Amino acid sequence: YFNTSDNNLLYWGLDYPPLTAYHSFVCAYIAKLINPDWIALHTSRGYESQPHKLFMRTTVFVADLLVYIPAVILYCFSLKETSTKKKASIWGVALCILLYPGLILIDHGHFHLGFALWGVLYLSYDWDLWGSVAFCLALNYKQMELYHSLPFFCYLLGKCFKKGLKGKGLVLLTKIAGTVVVSFAVCWLPFCTDMEQIMQVLRRLFPIDRGLFEACMFSSPPPHLANIWCGLSVLIKIKNIVSPQTQLKLSFVVTFLSLLPTCIKLTVQPSLRGFKFALVSCALSFFLFSFQVHEKSILLVSVPVCLIINEIPFMATWFLLVSTFSMLPLLLKDGLLLAYAVTMLAFLSVCVASFSIFEKTSAEDLQLKPFSLSLKGYVSWFKSFPKIVRSLFLLSLTLMGVLSLMSAAVHPPQRLPDLFPVSVSIISCLHFLLFLVYFNVVILWDSKNSRSQKKIS
């Protein structure tokens, strides 16, 4: 975390929490046993060989086999499907999640997502302390897990409230708080020898000076990121008008207000179903409105969407396709057009085969029945709702396909060299804003939450 003669922060400096350092440290010791040249302090800088690349890729694959993939499979079995027909759908759900193109194409091996999945899995069995440990590990692996922190916090706090803060609820709250403190203490212990060490790690984790957003993969403005600030930057140069400190405050206020209704509902009516939907909504709010978002951060929204793909297969499939499309500039930069096309088509095909998504577009299938009933005079409009939704989905697919082809095969006008990447970012952002409204409507009008509270004793 410090810049020294032996550690060039610009080249191999660490800007993730300590658990990432420990993982790298273990991999380095294994590498040293195979070939010490791979990790020699100075001479390994810029070192490239096929065996070294194979080793590095193998470490990712092994970690996925140990952390992410088991969590996905066990989560699918936790869905408590009973009939033979529904048991078959468990494997369909697992296949859809594992075939999600975003994780395959971009940074497969984000192990913090695996730890977060373990946290969700433990909470689904009411193993609250183990769920707290798993999420603490996720948060201490990548600070971006803050996207999921409020749903975990509100759900567990809501359970404590329901049990009563003068009895069992207080005991549970004390146990959870102790578990979190101990988990963080163990992860941070080597850095707690003096305050400067801790502060340096925090500065590396949260480099506020970089501004509201940064286009890590592109040197020319505007940044190609599908969130609201980058979309607005096409019309208004926010970074030139507003100071970095004001940008930070602005993004905090907007993010907080956008996720507040969901968090209040989850705290007052804690349910596992509400918790999973809140993971999606809160992560999407962070992606759209928070400070210094990266293109790949959409994966933090996509993985929770994968967890509810069995409940709203049509909308989940649509969202996951759009999330992968939103990263198209990164994929083209790495020459992954063919892989992008193949994985998108494979994923869509598996979702259609597993869930028959085009047959599940009614208001009830999309979890909008309570909302439609609350409109009273406008209920008749929902009769044509399935046809409208299917048409919008096909239009969206067509638009993504055409823009993908144009981005890869057509040279943009000289006056507008960023035409296609910016178009991808704006179209994706509009999709995400509509999805945010949709998920919030589902959460706030969810009548199943109140019934499921009876199961929480």
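Glycine is no exception: its Cβ is also placed from the backbone N, Cα and C atoms.
Keep in mind that what you see is a predicted model, and the values were worked out from it rather than measured.
Taken from TrEMBL as is:
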- 54-77: transmembrane segment (TRANSMEM)
- 89-109: transmembrane segment (TRANSMEM)
- 115-139: transmembrane segment (TRANSMEM)
- 169-191: transmembrane segment (TRANSMEM)
- 274-291: transmembrane segment (TRANSMEM)
- 298-325: transmembrane segment (TRANSMEM)
- 337-358: transmembrane segment (TRANSMEM)
- 392-410: transmembrane segment (TRANSMEM)
- 422-445: transmembrane segment (TRANSMEM)
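Using a cut-off of 8 Å between Cβ atoms, the transmembrane segment (89-109) and the transmembrane segment (115-139) share fewer than three residue pairs, counting only pairs 6 or more apart in sequence. In terms of C-beta pairs under 8 Å, the stretch of 115-139, 274-291, 337-358, 422-445 lying closest in packing to the transmembrane segment (298-325) is 337-358. Of the two recorded stretches, the transmembrane segment (274-291) does not lie close to the transmembrane segment (54-77), with fewer than three CB pairs under 8 Å once pairs fewer than 6 apart in sequence are set aside. When each of 115-139, 169-191, 337-358, 392-410, 422-445 is scored by its Cβ pairs under 8 Å to the transmembrane segment (54-77), the top-ranked stretch turns out to be 115-139. Outside the transmembrane segment (422-445), and at least 6 residues removed from its termini, the chain residues within Cβ reach (under 8 Å) are 222-228, 230-231, 234, 258, 261-262, 265-266, 274, 277-278, 280-281, 284-285, 287-288, 298, 312, 315, 319, 322-323, 325-326, 328-329, 366-368, 370-371, 374, 396, 399-400, 403, 407.
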